[in-house]
Amino acid sequence: MALRELKVCLLGDTGVGKSSIVWRFVEDSFDPNINPTIGASFMTKTVQYQNELHKFLIWDTAGQERFRALAPMYYRGSAAAIIVYDITKEETFSTLKNWVRELRQHGPPSIVVAIAGNKCDLTDVREVMERDAKDYADSIHAIFVETSAKNAININELFIEISRRIPSTDANPASGGKGFKLRRQPSEPKRSCC
C-alpha cells in the first residue's frame, strides 16, 4: 500500500481550539486546560484512505498576533490548511476571512482549504450561524464542517474529507509518468601552463 505524506497546517485565532482538534484527531483525547501554542507544534497520524496510507504531518500554529508572521513558513508546501473559528465568537469568524486571504496570496495554489467551526457543542451561546459559515466556505470552494474537539464531533470526518479532496497520485502523475535522467557533464581535459 502506497504511503503519502500530507502536510496540513491549522490556522486561526488564539483560543478557537486548533490544538484541541489536533489532540482529538491524533490522541483521541481532550484536555480542557491545554496551554496555548507558542510558535507551532507538530504531530503526525497515519490513516488508511482507499488504497493509500495518508500520513498527516500536522502543524498546529499559534493564533496570537505576535506569531502571525510565522504562519507562511508553516503553510508553505502544505497539501491542506484547516482554518478554525469558534462558533461562540463572531470576531473569530471575521478574522478567518483574513487568514483565507493571506493563504490565497502566499500559500500553494493547489492547497485544499477546510473551514472548521469549532465548539459546536456550545450551541446555546452560538454567535456564528452555521448557514453563514457554510455559504462563505462554498463561495471560496472550501470544505466546511462544524466540529467539537471536546465531544469528538466531526474531527475524523474533517480529515477524511481532506483526504478525499487531495488529488490522488494516480490521477495526476508527475511528468506524465516519465522521469528524466541526470547525466554527468563530460569533463574537459585539464590545462596547465607548464
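Each residue, glycine too, has its Cβ placed from N, Cα and C.
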From 7-15, 16-24, 34-42, 115-123, the residue range that Swiss-Prot assigns the feature motif 'Effector region': 34-42
Across the motif 'Effector region' (34-42), average pLDDT on the 0 to 100 scale: 62
